[in-house]
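S.K.: Provided herewith is a single structure, encoded as structure tokens, for subsequent inquiry.
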Amino acid sequence: MGNVIILGSQWGDEGKGKIVDLFAERFDIVARYQGGHNAGHTVFIGEKKFVLKLIPSGILRPGKKAVIGNGLVIDPAALLSEIDTLQAAGVPVMGNLFISNRAHVLFPAHRMMEKMSEGREGRVSIGTTSRGIGPCYEDKIARRGIRIADLLDTEFFRAQYASVMEEKVLIAKALGIYSELDLRAIRDEYEAFAERIRPMVCDTSVLLNDAIRSGKTVMFEGAQGTMLDIDHGTYPFVTSSSASAGGACTGTGVAPTRISGVLGVSKAYITRVGGGPFPTEAFDGAGDRIRERGKEFGAVTGRPRRCGWFDVPLLRYTANINGFDSLVITKLDVLDEFDQIPVCVSYRIGNREVVDMPPTVAEMEKVEPVYECVPGWNTSTFGISQFGELPAKAKEYLAYLENRTGVEVGCVSTGPERNQTIVRAGSRFESLIG
């Protein structure tokens with residue numbers, strides 16, 4: 001057992017929130033390292049449903065520390081709303097949540113820029129959540145962003161805010177996308193936000209590294225999925241942050257040498273929200289069956305997810321980028337009623353058959369999936385928590401995925417509750433989780 005990264009191996013929505021929540025009790029700290037409030041982790045505890053967008057799922061475990069790393073962009077209003085909701089539900093937040101002083105701050109102007117630019121003529125529609133995440137990261141990369149540490153220094157913040165917002169207004173007006181903002185009222189509101197979060201702000205890189213040196217363990221919680229990574233995803237239909245394993249280091253300030261392992265989370269099928277290529281998307285009614293059985297609607301937006309079949313070339317690609325030690329397969333029970341389960345094993349582009357992910361969207365949109373069909377099991381797997389109790393055909397399906405991807409399946413989720421989970425004895429997953 002050591003310091004472990006848990007992240008999505010597909011296009012997000014793989015069920016990471018449940019897995020992080022379930023195993024957080026075995027770690028001392030859970031740290032988020034990228035993204036913003038555009039990605040929601042849904043966790044069920046008995047009759048209670050929690051949708052966490054910024055705060056790590058580990059906050060739901062008594063006595064565990066939760067860290068929001070420097071790689072995130074933070075809308076203070078969204079963060080404080082989440083804190084208030086947790087506290088109202090009896091979850092202790094103060095003293096358990098730590099916010100990086102180097103994380104960037106998201107403003108209403110960022111939302112304005114995103115909403116308007118997404119609809120501009122000639123612009124490729126990415127299908128964003130319109131929460132301003134991309135424009136905030138743009139400011140970060142352009143070195144004009146405002147960080148949490150800046151927000152806490154009132155005099156410095158006021159000067160920086162005036163300069164940045166003046167530029168934003170000029171750009172928005174030039175592009176014809178300006179909508180009226182009361183910049184003074186927003187500034188005052190953010191100064192009030194600063195006082196509420198001040199007790200939780202620190203240098204989280206120091207906190208994490210000191211904890212690791214003292215023998216404590218950290219779980220790094222990824223948001224979204226590798227295929228939405230700014231560098232390695234289906235660009236430009238991606239998010240604006242590093243959603244792969246490398247982002248855990250840059251987004252927290254913890255060195256790669258201090259990471260013990262990487263666990264990938266994947267559905268037993270695959271889904272995607274928003275635009276972009278999706279080679280195995282099912283259009284023949286099977287996609288609708290998966291969506292209804294799996295309740296595939298976005299945790300943040302409520303949008304119906306596009307659904308399709310497991311994509312082996314995609315998984316091999318994300319396993320290679322992240323160095324997965326083990327896979328978690330979620331929502332196995334969603335496939336319980338299928339007689340045959342197609343699995344994409346390669347792609348055909350024209351008269352060529354390829355087994356690797358094409359690098360461009362243009363090529364991705366031309367691929368035809370090559371399927372092999374695996375027999376279904378037509379027996380309920382819902383709630384099973386012991387591998388030996390799975391139907392033989394369900395075990396064969398998991399073995400097939402292992403053989404095709406080259407990565408062990410060390411954990412299987414068969415329902416939304418904590419106890420509806422299988423950990424395979426002797427697996428690399430078990431050794432990393434402890």
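Note that Cβ sites are derived from N, Cα and C of the backbone, with glycine treated the same way.
Below are the features listed in Swiss-Prot for this protein:
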ACT_SITE  ASP13  active site, proton acceptor
ACT_SITE  HIS41  active site, proton donor
BINDING   ASP13, GLY40  Mg(2+) binding site
BINDING   ASP13, GLU14, GLY15, LYS16, ASN38, ALA39, GLY40, HIS41, THR129, ARG143, GLN224, THR239, ARG303  IMP binding site
BINDING   ALA299, VAL300, THR301, GLY302, ARG303, PRO304, ARG305  substrate binding site
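Any idea what these are sitting next to in the structure?
M.R.: Take the CB of ASP13 (active site, proton acceptor) and look out to 10 A: across all protein chains shown you find 28 other CB atoms.
Residue density at HIS41 (active site, proton donor): 25 other Cβ atoms are found within 10 A of its Cβ, drawing on all protein chains shown.
Counting every protein chain shown, the number of other Cβ atoms lying within 10 Å of the Cβ of GLY40 (Mg(2+) binding site) is 19.
Taken residue by residue with DSSP, THR301 (substrate binding site) is part of neither helix nor strand, so it is coil. Long-range neighbours of THR301 (substrate binding site) (same chain, six or more residues apart, CB within less than 8 Å of its CB): THR129, VAL273.
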S.K.: Could you give the maximum C-alpha to C-alpha distance in Å for the residues ASP13, GLU14, GLY15, LYS16, ASN38, ALA39, GLY40, HIS41, THR129, ARG143, GLN224, THR239, ARG303 that bind IMP per the record?
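M.R.: The span, Cα to Cα at its widest, is 34 Å.
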S.K.: Could you say which of the binding-site residues ARG303, ARG305 has its Cβ with the most other Cβ atoms inside 10 Å?
M.R.: ARG305
S.K.: If one measures from the C-alpha of HIS41 (active site, proton donor) to the C-alpha of GLY15 (IMP binding site), what distance in angstrom results, rounded to a whole number?
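M.R.: Counting only the Cα atoms, the answer is 8 Å.
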S.K.: May I ask you to report the DSSP-based helix, strand or coil state of HIS41 (active site, proton donor)?
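M.R.: Looking at the DSSP assignment, HIS41 (active site, proton donor) belongs to a strand.
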S.K.: Indicate the candidate from ASN38, THR129, GLN224 with the smallest number of other Cβ atoms within 10 Å of its Cβ, considering only these binding-site residues.
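M.R.: Lowest Cβ count within 10 Å among the binding-site residues (ASN38, THR129, GLN224) is THR129.
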S.K.: Quick check on the binding-site residues GLY15, PRO304: which one has the highest count of other Cβ atoms within 10 Å of its Cβ?
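M.R.: Counting Cβ neighbours within 10 Å, the top one is GLY15.
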S.K.: Starting from the Cβ of GLY302 (substrate binding site), draw a 10 Å sphere and report how many other Cβ atoms land inside it.
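M.R.: There are 7 of them.
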